[in-house]
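What TrEMBL records for 93-117, 129-152, 164-182, 194-213, 256-275, 281-299 is transmembrane segment.
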C-alpha cells in the first residue's frame with residue numbers, strides 16, 4: 001500500500017487531498033508543465049525536500065495512520081522509523097539533543113583550554129605540564145565535528161549528510177578508543193604512542209572508506225525481531241544474542257562502534273578500580289551512564305508520538321556524558337600537573 005501510494009504520488013503529485021508544487025518538475029529542476037517562476041525559491045531549497053522525498057514522507061504518515069487505526073505497530077520505511085517533521089526538520093528531538101551536546105563539548109574544550117593556559121602553571125618553555133593536552137584538543141575537534149554533522153543529518157538525511165554523520169562518528173569513537181588506551185596505560189613516550197595509534201588509525205580509516213565507497217552498512221534488527229515476539233525480551237536475551245548471534249544486530253558499522261564503545265567502558269572501568277585518582281568516581285559515573293546509552297542503541301524502539309525514539313534518547317544520554325567527561329579531564333589535568341610539579345622539586 002505504501003509503494004502504491006508512492007507510485008501514484010510521483011505521477012500525480014498528490015497524496016489524498018495534499019498536492020506538492022515541486023512534483024511538477026523533473027529531477028534536474030526543469031519545469032514540466034509550468035513557467036520557471038513556479039519553481040521553489042532558492043531560500044527554501046535548503047530543505048532538500050524534493051518530490052520523491054515529500055511523497056515518501058506523506059505516504060508514510062498516511063500509511064501509519066491506517067496501521068494505527070487497525071491496531072498495528074509502527075514499522076520502518078526505507079530503514080527509518082516514521083518521524084513527524086517540524087519546520088522541515090526530520091528528527092527534531094535528535095537535532096535539539098545534538099545541538100546541546102555540541103554546545104557542551106565546546107564549553108568543555110574551552111574551559112579545558114583556559115584551565116591549562118591561564119590557571120595552571122606552565123613549563124619554562126611555556127608548554128603545559130599535562131602530557132595529554134594535544135590529544136584532548138584533537139578529541140574536542142572530532143567531538144564537535146561529530147555533533148555538528150549529527151544535527152545536520154537528523155535535520156535532513158540525504159546521502160551526503162548521512163555519510164558525514166557516520167564517518168565523523170566512527171572517527172570520534174576510534175580516536176576515543178586510542179585516547180583511552182594511551183591515558184589508562186599512561187603511554188607518554190612518542191614512539192610508543194605511534195605504535196599503539198597507527199594500527200588503530202589504519203583500521204578506523206579503512207572502515208570509514210568502506211562506509212563511504214563500498215556500503216553504508218548500518219542498522220539494528222533487534223526491535224524487528226522482538227516486536228514479533230515481545231515475550232522474549234530481557235536484557236539477558238539481548239546480551240546472549242549479541243554474543244552468540246551478532247548478526248541479529250545488523251550492520252557492520254553497529255558492530256564496529258559497539259565493540260570499541262564496550263572496550264572503552266571496560267578499560268576505563270578496570271582503570272578506575274585500581275587507580276588512586278581522586279576523581280575516579282567520575283569514571284564510574286560515566287560508565288553507568290555510558291552503559292545506559294549503549295543499551296538504548298542496542299534495544300531500538302519506534303518514536304513516541306512520532307518524535308522521540310531510542311536513538312533520540314541516546315543523544316539525550318550523551319549530554320551528561322559530555323559534561324562528566326570534560327569534568328574528569330579538567331580534574332585529571334590538575335592532578336597530573338600537581339604530581340609532575342612535586343616530582344621536579
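Cβ coordinates are placed from backbone N, Cα and C, and glycine is handled just like the others.
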With the cut-off at Cβ under 8 Å and a gap of six or more residues from its ends, the chain residues touching the transmembrane segment (194-213) are 163, 166-167, 170-171, 174-175, 177-178, 181-182, 187, 252-253, 256
Intrachain residues whose Cβ lies under 8 Å of the transmembrane segment (129-152), provided they are six or more past its termini: 94-95, 98-99, 101-102, 105-106, 108-109, 112-113, 116, 120-123, 161, 164-165, 168-169, 171-172, 175-176, 179, 182-183, 188, 315, 322, 329, 332-333, 336-337, 340-341
Residues of the same chain, at least six outside the transmembrane segment (256-275), with any C-beta under 8 angstroms of its C-beta? 169-170, 173-174, 176-177, 180-181, 184, 207, 242, 249, 281, 283-284, 286-287, 290-291, 294, 297-298
